[in-house]
Each structure stands twice: as structure tokens, then as C-alpha cells.
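Participant: Let me begin by handing over the structure; questions about it come next.
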There are 2 protein chains.
Amino acid sequence: MFQTERRFLRLLFLLCILHYEAGQVFGVWPMPQQITQSTDRYLLSPQSFSFSYSKDSAAQSGCSVLDSAFKRYYSLIFPDAADGARFSNIWMDPTPFTVSVSVKSGECDGYPDEGSDESYNLSVAAGAAALKAQSVWGALRGLESFSQLVYQDKYNMYFVNKTEIQDFPRFEFRGLLLDTSRHYLPLNAILKTLDAMAYSKFNVFHWHIVDDPSFPYQSYSYPDLSSKGAFHPMTHIYTQSDVKRVISHARMRGIRVIPEFDTPGHTQSWGKGQPNLLTPCYKGDVPSGTFGPVNPILDSTYQFMSGLFKEMKSVFPDSYVHLGGDEVNFACWKSNPNVRAFMTKMGFGHDYTKLESYYIENIVNISSALNKTPIVWQDVFDYRERIPKDTVLEIWKGVPADYRTELAKITHAGYRVLLSAPWYINHISYGQDWRNSYTVQPQNFSGTDQQKALVIGGEVCMWGEYVDATNLHPRLWPRACAAAERLWSNEEMTSNVDQAFPRLEKFRCSLIRRGIQAEPLFVGYCKDEYRGV
Amino acid sequence: MFQTERRFLRLLFLLCILHYEAGQVFGVWPMPQQITQSTDRYLLSPQSFSFSYSKDSAAQSGCSVLDSAFKRYYSLIFPDAADGARFSNIWMDPTPFTVSVSVKSGECDGYPDEGSDESYNLSVAAGAAALKAQSVWGALRGLESFSQLVYQDKYNMYFVNKTEIQDFPRFEFRGLLLDTSRHYLPLNAILKTLDAMAYSKFNVFHWHIVDDPSFPYQSYSYPDLSSKGAFHPMTHIYTQSDVKRVISHARMRGIRVIPEFDTPGHTQSWGKGQPNLLTPCYKGDVPSGTFGPVNPILDSTYQFMSGLFKEMKSVFPDSYVHLGGDEVNFACWKSNPNVRAFMTKMGFGHDYTKLESYYIENIVNISSALNKTPIVWQDVFDYRERIPKDTVLEIWKGVPADYRTELAKITHAGYRVLLSAPWYINHISYGQDWRNSYTVQPQNFSGTDQQKALVIGGEVCMWGEYVDATNLHPRLWPRACAAAERLWSNEEMTSNVDQAFPRLEKFRCSLIRRGIQAEPLFVGYCKDEYRGV
């Protein structure tokens with residue numbers, strides 16, 4: 001009798017809810033390749049919700065990446081689990097719901113890298129969801145999508161709709177650059193950025209770790225680089241343990257960490273801790289006391305770079321390394337009589353691009369000998385350095401039009417490219433400038449299908465001239481999400497920026513709920529506002 | 001013997017410090033009217049530092065504004081007092097230092113208002129500083145300046161240099177507008193803004209509290225306005241106690257709180273909780289279901305507005321109130337047959353500016369009857385409403401040039417003006433856009449000296465279309481500081497934006513140290529970075 005009445009009340013209650021809320025089907029950001037959703041929905045109770053490894057999964061309990069992802073996503077899915085649990089205790093029997101995860105490869109302790117398979121299939125039905133992926137990295141993407149499918153109604157009850165997703169990334173390289181030289185970013189700011197990257201399915205953290213203004217990387221081979229070249233030798237550095245923490249935090253989220261040690265330009269801070277590395281500039285016949293790019297004519301330069309890159313190899317597990325190579329100013333080299341003598345000796349004439357080529361070739365060879373695939377800025381291609389065919393060129397010049405020409409040229413020469421030019425989101429303007437990022441078409445240039453296939457992805461760049469921990473997060477989020485969807489999703493399915501708007505608004509509120517200081521897209525509010533004030 | 005040795009060591013230590021650090025004389029932001037500094041400096045010990053009331057001061061212990069300011073500024077001056085005290089214990093006898101404050105008027109429980117005297121004189125000498133002001137509000141400004149004079153050397157010892165300051169504001173009205181309707185700003189975000197305003201010597205918080213998107217003010221006379229017009233009736237409102245807290249927090253910092261209840265436009269949210277307030281728009285002969293500006297033809301409108309403004313008078317102590325009056329769209333009025341009939345009856349013909357004038361006159365009269373001085377947006381002058389001569393017009397249109405013409409016109413007509421047009425700092429652009437705010441010349445328009453004197457100040461406006469708690473602070477600070485200096489300081493002394501730059505950089509680091517999320521001006525670092533990540 002009591003049991004019957006209780007079931008009746010529960011049914012009545014559910015009918016009321018459905019009356020008000022049915023059809024509340026929200027999207028996922030970035031948009032999956034295929035998604036089918038129904039208005040049928042299932043009540044989730046935090047008490048009786050679980051993740052489990054499917055029996056046929058190659059990875060089982062003990063798999064570091066998935067064990068911690070299960071824990072993390074439980075909290076993300078049920079941010080106020082305690083309240084929800086109490087509420088559902090009073091009103092109804094908890095209905096069990098299990099997300100069963102199955103991966104084909106049992107590799108759990110490696111790092112995501114070039115060629116990692118991020119595809120997944122997700123099927124949400126009554127009482128259970130099945131998530132199948134080739135690798136743990138694909139499973140992570142599927143968990144993120146699942147977490148975005150869950151929503152709360154006005155009684156704060158959790159629901160998920162019947163859903164089928166087949167998903168995979170359009171581009172294998174979806175990066176975000178942070179610049180920790182122009183301003184120092186505290187470790188927590190980087191870790192939080194990695195969190196938000198995972199929510200948007202970014203998979204590469206391009207760490208522009210050093211540059212002219214400061215050298216915060218604490219090298220164990222050359223400790224003077226940071227002790228003399230950082231803004232402060234103790235408070236404004238990344239220790240080896242900090243770097244390990246970043247790489248580990250990124251790994252758990254399926255994110256590669258690619259460091260950039262940009263040379264021969266952008267190296268003023270290096271000179272403070274490494275004497276004789278930079279070229280002494282001359283005024284007439286005497287050194288002026290200032291220094292230019294790395295000195296490309298000394299053997300000691302290459303010995304040092306070789307030592308530094310050997311350390312890099314031991315510290316950063318990714319198979320890629322970014323070598324920079326942008327914006328080299330020749331004036332100082334030209335002023336230096338020893339450099340001029342070297343030019344003559346080498347038969348370079350007055351063509352300093354040949355000297356730069358010579359330098360870059362040496363550096364590329366050093367990194368290749370260490371089995372690292374080099375990424376360099378487009379300047380290296382523009383100067384026609386002889387570089388290995390596996391080198392990746394990153395396009396950063398020319399907005400809004402010119403990058404298309406460069407895409408055509410570089411892919412025509414057979415090199416792989418990364419597109420960054422339209423995604424320099426440190427550049428801000430008033431209003432909804434995410435719309436410009438969203439409408440970029442990375443493969444819209446004249447070239448063959450083979451050429452288009454050489455576009456391996458792109459990067460959002462947050463250069464640090466005007467950015468530090470005070471404004472990093474609201475400048476990044478949700479503005480970077482536009483490029484995240486462009487790099488992950490099918491272009492035809494996501495060609496309408498106005499249709500994307502409400503989905504991005506909802507995703508932005510999720511970011512806020514998850515503690516990311518994501519700025520508003522326009523007038524309005526989130527049910528749960530940012531609480532970090 | 002021991003005592004002598006200790007003195008000798010102390011002298012030696014001080015000499016060492018002086019050798020490295022002497023001459024470290026920093027500026028104050030905004031720049032005082034007169035400041036003379038010497039390289040003579042005095043060591044401050046947190047243990048033996050105190051504020052006191054001078055014997056000749058009309059205010060003495062128990063004065064709420066100054067008692068709490070003393071406590072507040074002690075922490076601002078010695079943010080790491082505990083460490084400093086321990087350090088100085090070991091090395092030397094603490095040298096007492098007292099800041100003696102003397103005010104001529106003993107009024108401590110009132111509110112800052114029009115005509116409050118903010119001038120002060122500050123004299124810093126060995127062992128003592130003398131701060132003299134007419135009112136407690138001037139004493140607050142002097143305490144802020146004193147706090148900015150104190151600095152730490154590389155051993156974290158605190159110093160202040162011998163200094164003489166005679167200071168007063170150039171303009172009596174130095175405002176900052178926050179918009180809490182387009183996005184809700186939590187109470188803490190407002191309180192923190194008030195803190196930072198005091199650091200920059202702003203003295204008016206213009207609270208654009210309601211507008212089209214939401215009505216967060218919880219009125220005790222008309223509770224439906226927020227319960228139906230706020231984004232959320234419980235979480236996105238300002239209760240009476242919230243408003244009291246804002247006014248009290250502002251008072252303690254010498255800041256006036258002027259609310260804006262903008263009508264007849266910008267009132268969509270009002271209509272939800274106040275039936276028959278807005279004009280029903282028509283499509284042909286039938287109401288379209290949408291609503292336009294406040295309905296100016298009904299007696300009930302003026303009864304309601306009268307009731308609301310009576311409540312305002314009891315809630316907001318300032319003698320000014322902002323009545324809005326901007327951007328009225330006539331289309332809805334024109335569509336409504338009853339409004340058209342009223343136009344004919346009143347002999348307004350087809351000139352709807354006359355109807356707007358009629359409305360505004362009535363509202364201005366309501367506020368005048370309550371002894372409130374009205375501020376209105378420039379539109380009210382542009383439409384030539386008949387308004388009392390004490391009305392203040394706020395100029396918001398026309399960047400970069402046109403606001404000068406408007407300044408000339410309005411002051412020629414004998415009205416007082418506030419300048420906001422060049423200080424819409426919700427508008428962002430890449431790079432150092434504070435420079436544009438800094439080079440504004442509010443009295444550089446063609447007019448007599450009497451006209452120039454009618455410029456009573458200006459306001460920085462942070463409209464809320466793209467701003468909420470996630471990005472408010474880094475957008476406001478230090479960008480708003482540029483206008484703060486323009487409104488306080490002598491224009492000739494502060495005409496060079498490049499000279500201002502290092503002083504603003506230093507001030508920005510102080511803001512960070514004080515917990516304000518102020519974004520960087522350019523490449524570099526602060527000794528103490530933002531810790532709120």
C-alpha cells in the first residue's frame with residue numbers, strides 16, 4: 001500500500017516535471033561529428049550513478065587516466081551532489097545509472113602524442129550509457145561529451161536524454177599557446193587553463209615558456225638561465241617539479257605539452273645567464289654593449305643548444321618540440337665584424353637569410369638527432385631554409401586574408417602546417433569577436449586534396465604583452481572555444497555562427513559552474529554565477 | 001658596550017641600505033596638486049607605527065570614518081606586517097612614527113556630498129607626519145596619499161621619504177558607473193570596486209542599478225519590480241540590506257552613491273512587475289503585445305514614479321539622483337492611438353520630443369520636490385526640455401570630437417555638465433588604451449571661464465553588455481585610473497602620458513598587492529603578483 005502510493009506520487013511528480021521541462025535538449029561543445037538526441041530522458045541520482053569499466057575493455061580498474069577521470073567527471077556532472085542526493089532520498093528510489101567504458105588499447109601510463117586516437121562512440125539509454133573508444137584519450141573525449149549532456153531541471157534534478165554520438169576530431173592538432181615570458185603565469189593559472197582546454201577538447205598545450213623579457217624555466221643543466229634571466233630567481237620560475245606537474249595534469253586530460261625554446265631571436269633573457277651566447281652588437285669598430293640574436297658563428301653556441309635540447313628531451317615526453325625561428329633582426333649580425341667575416345668565409349655574401357638558414361638547419365638537426373619532430377614559425381619557410389620534410393610550419397602572419405596564400409605555398413612545398421594567424425586571441429576588440437574566430441575555414445585555400453590534408457590543425461595564441469594571471473582566464477574563455485569547435489567539428493554542421501551562439505552561451509555557463517572565469521558573451525545571466533570575486 | 005655595538009651595527013646596516021636604495025622616491029596616483037619630496041627617508045616599523053588624532057582636531061577617537069580608516073590603512077601600508085615586525089625586532093630598536101590627523105570639522109557620521117571639502121595638507125618628517133584637512137573626507141584622501149608614499153626596500157623594510165603635499169581635487173565630481181542590469185554584479189564585486197575607487201580618489205559611485213534586461217533593486221514599496229523583473233528573484237537582486245552595505249562601505253571611503261532609475265526608455269524590466277507602466281505598442285488598430293517606454297499620458301505613471309522616488313529618498317542619502325532620460329524610441333508611442341490623442345489634446349502636433357519633455361519635466365519636478373538635484377543624460381538637453389537650472393547634464397555621445405561641441409552648448413545655456421563620452425571604458429581595444437583616457441582635456445572647448453567652471457567633473461562608465469563579475473575588475477583597473485588622475489590632478493603637471501606610465505605601473509602593482517585584479521599595462525612583473533588564481 002505504502003509502496004504503491006509512493007510509486008504513484010513519484011509518477012505524478014515525474015509527469016509534472018516532464019510537463020514543464022520535456023524537450024530540454026542541449027548541445028555539446030564542440031559539436032560532435034554525429035549526434036542524435038531524443039526527448040526521452042532519464043533521471044540521474046548522484047547516489048546511484050557510477051562509472052565502470054566494461055568487461056570487454058582492455059583497460060580496467062587501476063588505469064590511472066580513467067580512474068582519475070571517473071572521479072573528476074563525477075564532480076563535474078554533480079556539482080551539488082550532496083543537495084541532490086538528499087533531495088532524491090526523500091522523493092524517490094534512486095534509479096541506478098552506469099556509464100560503462102570500453103577501450104581497445106589498455107595503454108594507460110603513456111602520453112598522448114601525434115597519432116593518438118581520440119574517436120569515441122557514446123550511446124545513452126535507460127539506466128546505462130556505453131562509451132567505446134580505441135584509446136583512453138578517446139574515452140576522455142567521450143566522458144567530456146557525456147558530462148555536457150547532463151543537465152538540471154528547475155528542481156535541480158539531474159537528467160540525461162537518450163543520445164547517440166559517433167565522434168572524432170577533424171584535426172589531430174588543436175593547440176593553445178600560453179606565453180610565460182612577457183608575464184609570469186603562476187602554476188595554478190596554467191593548470192586551470194588545462195582544465196578548461198579539456199572541456200573544449202583542445203589537445204596540445206604549446207608552452208611558449210621563454211622569450212626576450214624573462215627565462216622562467218629552471219634548467220638543471222644551466223641553472224643560471226633562470227637565476228639570472230627570470231623576472232625573479234625564486235618567485236617567477238618554473239621548477240622541474242612545476243613542469244612535471246603541468247605535464248602530468250595535461251596527460252590526465254589527454255593534452256600534449258610542447259615546449260617552445262624560440263631561437264635565434266627572442267632570446268635577450270638567455271644572454272643574462274649564458275655568456276657568449278648572444279651576438280655582441282657593434283657601433284662602428286667597438287662593441288656597443290648591447291646584444292642581438294643568438295650568435296650563429298660559434299661552436300660553443302651549438303654545444304650549448306645541444307646540451308639544452310638533451311635536457312628538453314628528458315623533461316618533455318612529447319615527440320614534438322617548437323624551435324621558434326621567428327622575427328630575427330639582422331641589424332646586430334650585420335654590425336658585428338666577426339659575423340661579417342664568417343659570412344664571407346661561408347660564401348653567404350650579404351644575404352643574412354642564409355646565415356639564419358645555417359643556424360636553423362643546425363638546430364633542426366640537433367632536435368632531429370634526438371628524435372624530436374620540429375615545429376617552427378612560418379618565417380623559416382619564408383627564408384627557404386633547408387629543413388627536413390617532417391618539419392611542421394606554423395602560420396602566424398597575415399590577418400585576415402594572407403594566411404590563405406601561405407597555406408597554399410607551404411602545403412604545395414609538401415610541408416605540414418598549423419594555422420594560428422586568425423586565432424591570436426590576445427588581440428581583443430569590443431563585442432563578440434569570437435565570431436571572427438568561429439568563421440575561419442582552415443582548409444579554404446587553393447590546393448589539392450593532398451595539400452589540404454597537410455593542414456594538421458591550428459592553435460589559439462595568447463601572447464603575454466598585456467596578459468597575466470589577472471586577466472588570462474576571461475580573455476581566453478569562452479573566446480578560445482570558437483577555435484576549439486572549428487578544429488574539432490564538421491565544418492558544414494557548424495557553419496552558422498548564430499546557431500552556435502545559444503550553445504556557446506550554455507557552454508560558457510557550464511565553464512562558470514566549473515570554476516572557469518569565462519566572460520559573458522552578451523547580456524544575460526547564468527543560474528550559477530562566478531563566485532571567485 | 002653591548003648597546004653601543006648594537007647602535008653601531010644598526011648604523012652600518014642603515015648605511016648599507018641607503019647606499020643601495022637612497023633616492024627611491026615614487027609618485028602618488030593621482031598626482032597631488034603640489035608635492036615636494038626629498039631623498040631623506042625614514043624607516044617605519046609596523047610595531048611602532050601609529051595613527052592618532054591631533055590635539056587640535058575637531059574629530060577625536062570615536063569618529064567612525066577615521067577610526068576605521070586608521071585600521072584599514074595600517075593593513076594597506078604594512079601588508080606583511082608580521083614578517084616586518086619580526087625582522088625589525090632582531091635588527092634594531094623600532095623608531096616610533098606617528099601620523100597625526102587634524103580635521104577642522106568634527107562631522108563624522110554624515111555622508112560625503114556635493115560641496116564636501118576634500119583638500120588636505122600632508123607633511124612627512126622624521127618620526128611624524130602631520131595630516132591636516134577641513135573634513136574627514138579630505139583626511140581620507142590624505143591617508144591614501146600617505147599610504148602610497150610608503151615603500152619597501154629589497155630587505156622588505158618600510159620607508160617613507162620626507163615629503164610635503166598640498167592637495168585638492170581639480171573637479172568635485174569624479175564618478176564611476178557600474179551597470180547592474182545587463183549583468184548582475186554580486187555585492188562583493190561592488191564593494192571591491194569601491195575599495196579600488198578610493199585608492200584612485202574617485203568620489204562618486206553612479207549605480208546604474210536597473211535597465212531593460214533586469215530590475216535587481218528590491219523595492220520595499222513595489223516588491224514585484226524585482227520579484228518579476230530581476231534575472232532571478234532571490235539570487236540576482238540587491239536587498240535593502242545589500243544597498244545599505246554599499247552605501248555604508250562607500251561612506252567610509254568618502255564616496256557618494258548616486259542611483260540611476262533611468263526612464264522613460266530603458267525600462268523593459270520594469271513592465272514585468274508594474275502593470276500599465278509601459279506604453280502598449282500597436283500594430284495597426286490592435287495592441288501588438290509588446291511594450292515601449294514608460295507611458296507618459298497616465299496619471300498612474302506619475303503616482304507610481306512619485307512613490308518610487310519617495311522610497312529612493314529614504315534609501316539613498318545623496319542629494320543627487322540620476323533620472324536617465326536617454327535613448328527614447330518614439331516608434332511605440334507613435335503607434336498607440338491613446339498617445340496620439342494625448343498629443344493632439346496637448347497641442348504637441350507630431351513632435352514627440354515635446355511628449356518626452358513633458359514626461360521628463362514631470363519626473364524632474366517629482367525629484368525636485370523631494371529636494372534631490374537631478375542628473376540626466378545629454379539627450380534631455382538636446383530635446384530642449386524645460387528643466388530646472390540646477391540640473392546636471394551628463395555628456396555621453398560623440399567620441400572623439402563631438403563632445404566638445406556639446407560641452408560648449410550646454411555650458412553656454414548655463415547648465416552644469418559631467419563628461420563621460422571619452423570614458424566609456426567598457427569599450428576595449430588592444431594595447432594601452434588607457435592613454436586615450438589620460439589625454440582627455442575636459443575643459444578644452446570654446447567657452448568663457450564661467451562656462452568652463454560649469455564642468456563639475458566626469459565619469460568612467462563600465463556598461464554591462466559584455467561585463468560581469470568574471471571580467472569587471474581587470475577591465476576597470478588600471479584603465480579607470482587614467483580618468484581618475486585627469487579628474488583630480490593639475491592638467492599641466494600631468495600632460496605627459498609617457499611620464500605617467502611608470503607611475504601608473506607602480507600604482508598598478510600596489511593595486512595588485514591590495515587584492516585588486518588590475519591587469520598589466522605592458523610586459524613586466526610585480527614583486528607581488530595577483531594571488532587570486
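Positions of Cβ are set from backbone N, Cα and C atoms, glycine also.
So TrEMBL says this about it:
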ACT_SITE  A:Glu327  active site, proton donor
DISULFID  A:Cys63-A:Cys108  disulfide bond
DISULFID  A:Cys281-A:Cys332  disulfide bond
DISULFID  A:Cys509-A:Cys526  disulfide bond
DOMAIN    A:28-149  domain 'Beta-hexosaminidase eukaryotic type N-terminal'
DOMAIN    A:171-490  domain 'Glycoside hydrolase family 20 catalytic'
SIGNAL    A:1-27  signal peptide
Participant: Tell me which residues of the chain lie with their Cβ under 8 angstroms from that of A:Cys526 (disulfide bond), as long as they are six or more apart in sequence?
Facilitator: A:Arg508, A:Cys509, A:Ile512, A:Arg513
Participant: Could you tell me which of these disulfide-bonded residues, A:Cys63, A:Cys281, has the fewest other Cβ atoms within 10 Å of its Cβ?
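Facilitator: Taking A:Cys63, A:Cys281 as the disulfide-bonded residues, the minimal 10 Å Cβ count falls on A:Cys281.
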Participant: What mean pLDDT score does the domain 'Beta-hexosaminidase eukaryotic type N-terminal' (A:28-149) have in the model?
Facilitator: 92
Participant: Let me make sure I understand the structure: which of the disulfide-bonded residues listed (A:Cys108, A:Cys332, A:Cys509) has the fewest other Cβ atoms within 10 A of its Cβ?
Facilitator: A:Cys108
Participant: With H, G and I counted as helix, E and B as strand and the rest as coil, say where DSSP puts A:Cys108 (disulfide bond).
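Facilitator: Assignment for A:Cys108 (disulfide bond) reads coil.
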Participant: Including all protein chains displayed, how many Cβ atoms other than that of A:Glu327 (active site, proton donor) lie within 10 Å of its Cβ?
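Facilitator: A 10 Å sphere around the Cβ of A:Glu327 (active site, proton donor) contains 13 other Cβ atoms.
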Participant: Of A:Cys63, A:Cys108, A:Cys281, which is closest to A:Glu327 (active site, proton donor) if I measure between C-alpha atoms? They're all disulfide-bonded residues.
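Facilitator: Checked the disulfide-bonded residues A:Cys63, A:Cys108, A:Cys281; minimum Cα distance to A:Glu327 (active site, proton donor) goes to A:Cys281.
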Participant: What is the number of residues in the domain 'Beta-hexosaminidase eukaryotic type N-terminal' (A:28-149) that are helix, strand and coil, as DSSP sees it?
Facilitator: 42 helix, 35 strand, 45 coil
Participant: Take the C-alpha atoms of A:Cys332 (disulfide bond) and A:Cys108 (disulfide bond) and report the distance between them in angstrom, rounded.
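Facilitator: Rounded to the nearest whole number, the Cα-Cα distance is 50 Å.
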Participant: What Cα-Cα separation, expressed in whole Å, is found between A:Cys108 (disulfide bond) and A:Cys281 (disulfide bond)?
Facilitator: 51
